[in-house]
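Participant: One structure is given below, represented as structure tokens, and several questions about it will come after.
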Amino acid sequence: MGLPFLKMHGLGNDFVVLEGRRALLELPGDWIRAVGDRRTGVGFDQLIVMEPPSDGRADLFMRIFNPDGSEAGACGNATRCIAHLAMQAEGRGSVTIETLAGLLEAVRGETGLITVDMGPARLDWAQIPLAEACDTLHVPMTVGPLSDGVATNMGNPHITFFVPDAEAVDLAALGPIAEHHPMLPRRANIGLVSVRARDHIRFRVWERGAGITRACGSGACAAAVASIRRGLTDRCLKVSMDGGDLTLDWRESDGHVLMTGPVSTSFVGEFAGDLALERFS
Ligand SMILES: N[C@@H](CCC[C@H](N)C(=O)O)C(=O)O
């Protein structure tokens, strides 16, 4: 039996989306890695499985896998994509999505862009988590020219480094070293920020378990929070990535980060693979 999938992306950060609400999908790690590898499979930055929610307040649960088979707690760009699918199916303008990191509320604005409340930025060293107690505004970790980073947990761990010119940094070489640095017991997504104005930053990312991607929603949240904490930008700003722009707002009243951006559907496909499917009763 074939397994249908949707290929979607948010600003070029691309996803294979599977329907797992009627039948529990048992996805072997080897299968995830083979499908995620662009040389052997359809390829993705993240594999997203829609599952039934465990919390009655949520419309659905979103499970997130990286192409190396690891599971992530948050994915901002995919949250917009899944929110779009759920809103379209229900004919509604807002939905609540459950993730490993918590409940995320999403609304479609008049322009068609989707805003997700990505929840609070977690800033304590143990919440990131880091290997030892330190000030997360100045993480004692150096990788080549990258140092004095800012650590943020947005449901997943991020280290943001400020550099004069993000384009000039060899992220392909430095990203994997930083991702596996001993300060990061659960690894981390590695971001580079160059500040362009009080309301605009340039952001490049090396994603944990995925490598360089064209955009990272949770990384954009972390980059915005880091820039604001350092006093380099205002609380509402544009984050420009290789794949396009997101608008970020770190709300003062509750410390939640609001992320606004677009959603795209690329194509519908079907895996012919022999996956174990366990029917819900
Ligand atoms: N693309 C994502 C982040 C995906 C998860 C990340 N690689 C991790 O392991 O934490 C986004 O848009 O936020």
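Backbone N, Cα and C atoms are what each Cβ position is placed from, and that goes for glycine too.
Straight out of TrEMBL:
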type	residues	note
ACT_SITE	C75	active site
ACT_SITE	C75	active site, proton donor
ACT_SITE	C216	active site, proton acceptor
BINDING	N13, Q46, N66, G76, N77, N156, N189, E207, R208, G217, S218	substrate binding site
Participant: If you count the other Cβ atoms within 10 Å of each Cβ, which of the binding-site residues N189, S218 comes out on top?
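Facilitator: Selected residue: S218.
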Participant: Are there recorded positions among N66, C75, R208 that sit within 10 Å of the residue listed as 'active site, proton acceptor', Cα to Cα? If so, list them; otherwise say none.
Facilitator: C75
Participant: Which residue, out of the binding-site residues N13, N66, N77, shows the minimum number of other Cβ atoms inside 10 Å of its Cβ in this structure?
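Facilitator: Minimum Cβ neighbour count within 10 Å, taken over the binding-site residues N13, N66, N77, occurs at N66.
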Participant: Between the Cα atoms of S218 (substrate binding site) and C75 (active site), find the distance and write it as a whole number of Å.
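Facilitator: So the Cα of C75 (active site) lies 6 Å away from that of S218 (substrate binding site).
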Participant: Around the substrate site (N13, Q46, N66, G76, N77, N156, N189, E207, R208, G217, S218), what further same-chain residues have their C-beta within 8 angstroms of the site's C-beta centre?
Facilitator: D45, I64, A72, A74, C75, A78, V205, A210, T213, C216, G219
Participant: Within 10 Å of the Cβ of R208 (substrate binding site), how many other Cβ atoms can you find? Include all protein chains, please.
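Facilitator: Taking every protein chain into account, the count is 25.
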Participant: Return the residues near the residue listed as 'active site', defined as same-chain residues 6+ apart in sequence whose C-beta is under 8 angstroms from its C-beta, sorted by sequence, else 'none'.
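Facilitator: F15, Q46, I48, M62, I64, T99, N156, G217, S218 - these are the non-local Cβ neighbours of the residue listed as 'active site', listed in sequence order.
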Participant: Including all protein chains shown, what's the count of other C-beta atoms within 10 A of the C-beta of the residue listed as 'active site, proton acceptor'?
Facilitator: 36
Participant: Measuring Cα to Cα across N13, Q46, N66, G76, N77, N156, N189, E207, R208, G217, S218, which the record gives as the substrate binders, how far apart are the two most distant ones in Å?
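Facilitator: The two farthest binding residues have Cα atoms 16 Å apart.
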